[in-house]
Amino acid sequence: MPWIQLRIDTDGPHADALSDQLMEEGSISITFEDGKDTPIYEPTLGETPLWNHTVIIALFEADHDLVPVVERLKLLPYLGENFSHKIEQVEDKDWEREWMDNFHPIKFGDRLWICPSWREIPDPTAVNVILDPGLAFGTGTHPTTALCLEWLDGLDYRNKDVIDFGCGSGILAVAALKLGAEKVTGVDIDYQAIEASKANAERNGVEDQLALYLPEDQPEGLIADILVANILAGPLRELAPLIAEKVKPGGQLALSGLLKEQADEVSAFYSQWFEMDAPAHKDDWSRLTGIRK
């Protein structure tokens with residue numbers, strides 16, 4: 001079935017209201033895009049992340065008459081008579097297949113591959129984590145996840161256990177187990193993350209070695225030889241004392257989810273507990289590592 005789409009330029013504060021209006025007009029899907037190539041790095045907790053200049057793309061069936069839709073939108077006070085918009089024909093495609101075609105196995109470090117389940121494993125002798133892209137949690141394509149996976153690939157896991165603090169999809173926890181960790185504990189504030197981590201551990205056959213907790217349920221005195229936290233700079237600062245007490249003396253730490261310009265400040269803050277290394281960078285993002293004093 002062919003489609004048409006209506007692209008509208010708006011500002012962030014009005015994007016949600018406009019999205020609701022377009023759904024009432026019969027749109028079958030709404031997509032938000034950055035209108036000025038301005039990335040969002042750290043939205044306020046509970047806030048819908050939207051750019052100051054947002055492009056809304058509303059998809060309609062091809063026989064939907066968009067002329068009266070546009071006329072009604074002109075009556076909205078935050079759009080007005082001359083709002084910027086474009087109507088486009090959309091090629092009919094197998095969208096699910098196209099989405100799947102965009103994901104390929106990715107290698108991290110010397111040993112580790114992250115492979116979608118529908119792709120052939122490039123190197124059966126390597127350490128392979130099977131993980132399908134999801135809507136909410138990491139799959140290895142984001143620079144911060146990649147930085148953490150590369151670090152994990154280079155560690156010695158003999159007789160060591162790991163904490164994945166903010167486990168999300170469980171990609172880091174599962175990777176550590178496949179790389180040789182004896183036990184991993186994953187902690188996340190989101191119950192959906194716990195469920196996603198559990199499912200990915202089961203898919204990779206390491207569920208018996210992975211313990212998963214919401215913060216309020218984690219065991220007292222939880223401590224490990226290795227801790228990785230791929231969250232954001234704000235929580236990394238706020239939770240620093242808690243994170244530090246979960247790493248054994250001489251244990252290893254990796255922090256990511258922070259921008260290049262945030263790295264030095266966060267590193268200096270953690271230096272009261274850790275001997276910190278120079279930051280590693282990928283694109284605009286950084287990873288910090290250190291050894292517990």
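Just so it is clear, glycine is given a Cβ too, placed from its N, Cα and C backbone atoms.
For the S-adenosyl-L-methionine site, Swiss-Prot lists Thr145, Asp188, Asn230; matching the candidates Gly166, Gly170, Gly250, Gly251 against that entry yields Gly166. All protein chains included, Asp188 (S-adenosyl-L-methionine binding site) registers 24 other Cβ atoms within 10 Å of its own Cβ.
Neighbour count (other Cβ atoms within 10 Å of the Cβ, all protein chains): 23 for Gly166 (S-adenosyl-L-methionine binding site). For the recorded site, Asn230 (S-adenosyl-L-methionine binding site), the DSSP three-state label reads strand.
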